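As given in TrEMBL:
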BINDING   E23, K64, S137, S138, G139, K140, T141, T142  ATP binding site
COMPBIAS  449-461  compositional bias 'Basic and acidic residues'
DOMAIN    18-107  domain 'Clp1 N-terminal'
DOMAIN    375-530  domain 'Clp1 C-terminal'
REGION    449-479  region 'Disordered'
Amino acid sequence: MAEEGSSQGPKEQIIVDLEPGSEWRFELEADENIALRVLSPDPVFINSEELPPATWYPIHRYTKGALYAPTQARVEVTSLLASQYTSTSTIHPQLLNVHLALERTRILAKRYLYGTGSNGADRVERGPRVMIMGPPSSGKTTVVKNLVNLALSSGMGWTVGVGGLDPSSPSNLIPGTLSLSTPSHPIPTHQLAHPFGSPPTSTPSNTLSADIPTVGWWLGGLEPTNRNAEVWKVLIERMGEDWKKRCERDKMALASGLIVDTSSAFTNPLLGTKKDDPKARYTLVSQAVEAFDIDTILVIGHEKLHIDLSRLPALQQKGVGVIRIPKSGGVVDVDDTQRELIQSFQIRSYFYGEPPLPRELTGLLGKMVSTDGSLNPYSFQIGWETLVVLRVGEENSAPSSALPLGSSRTLSPTRLTRVDPSGPAHVVRLLNTVLAIVDIKPEDRIKPEKSPKVEELKTEGVEGDEVKEEEEEEDMEEVPFREEIGTREVLGFIVITAIDTQKKKYTVLSPSPGKLPSTVAIAGSIEWVDSA
């Protein structure tokens, strides 16, 4: 419970007393920023990260979380929140049991890989591969963060891989991306953006939370759907191949294992089902299990999902274990408005860095945990002909009804379509659109085949001019690159903030000054307007 008492300072001292095995849960509003300080000798944890003793730990507005005390503890808080309470109902013992089982697998795998263990029949050749699943607002990301922090706090030097397969709540980058990262330090909980830490490109490199190598792939949407299912499949396959290559080069990464956070769309059994196999169920789950060689699935609180996955033939054949863990009573349901606010905050943090320390916390006496600094984004203009904007997927092409009678579409589901900014519809779709910059190599360029010229048509006056105009339009829509660049890992992100139709130039916002690493960008459906 929270107690108020007089202190030597001008402000009242607020103390939260925690019983052994209890949680102090809080929900910060728009005008609430707090800092915590542990006064007791025993440790207190936030998402399994130990709070430093006698040091202020800042938490920014809108953040929702909980402190866990395995033993009796006292915590000082700078202000009494409108929504806060203590509870003895916690899932930390269950998470600790899962962690111990995963830790045993890591230790056995390390012994085998480094030649210090036995080669018996029960040998373990690699670390655990775990995928977390559950419905919306079930606490999937929180469970992943706890398991990662428990592994990184064990003192064994693990480099646990974190797979972010939830584009609506990306682990390290911005909404619309899938990512793989390998944090080396416990991940802090200071604000909404970057729940698994920030990539070095978005924060100063002298902070712990920025020390997270991250590789991203651009989906361009907030969740997998039947329309982008083929693109999703290609991205997952590429992520799995990259993780396999990483493990081949790094024995410690192979022993440390992988923990995958998933989208709530994974709970839809019919999503991704093809017409030629209408009885297939949980196609997205089977794809991810195959790509990352998953051996364990943790289902949060969804009994039917647990039973369905346990009976899924594809998982039974691979021997994948399906385990159900309880849902935390402190999980907060997030509505669409809150999700939009979180996503906008995540995009802004990518360009402007982490939010500065709130004014009401800068004057606190005593040590303060160092937080990430801000960035100075760079805005500049670039010509339409210089920046090539593409879209990926068959849904961006003309509808089948526009084809001639009797003809059928034979397009690749990952085909590239070049965006023409001169069209009014495209201007609306490009303004405030987030673009993913992709690397282009010399072998990626292709020469479009030109149709032979017809001399007779050129002498027919108006009809010849019309044919010439049509040929020019077709040339503008030609994409001189191979299709695979649309599903390649990205170099970074920019936002189109303005379009000058007179000068034919874009105004773009970049997180850092200087020349763009590439002038080929992939557009999706993610838009952002800086309203801060």
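Placement of Cβ uses the backbone N, Cα and C atoms for every residue, glycine included.
Minimal Cβ crowding within 10 Å, among the binding-site residues S137, T141, is found at S137. Within the model, the domain 'Clp1 N-terminal' (18-107) carries an average pLDDT of 94. Annotation for the binding-site residues K64, K140: lowest Cβ count within 10 Å of the residue's own Cβ, K64. Listed in sequence order, S264, I300, G301, H302, K327, V331 are the same-chain residues six or more apart from S138 (ATP binding site) with CB atoms under 8 A from its CB.
Helix, strand and coil counts from DSSP across the domain 'Clp1 N-terminal' (18-107) read 16 helix, 36 strand, 38 coil. In this record, ATP is bound by E23, K64, S137, S138, G139, K140, T141, T142; the longest C-alpha to C-alpha distance in that set is 19 Å. The Cβ of T142 (ATP binding site) lies under 8 Å from the Cβ of N47, S328, V331, each of these being in the same chain and 6 or more residues away along the sequence.
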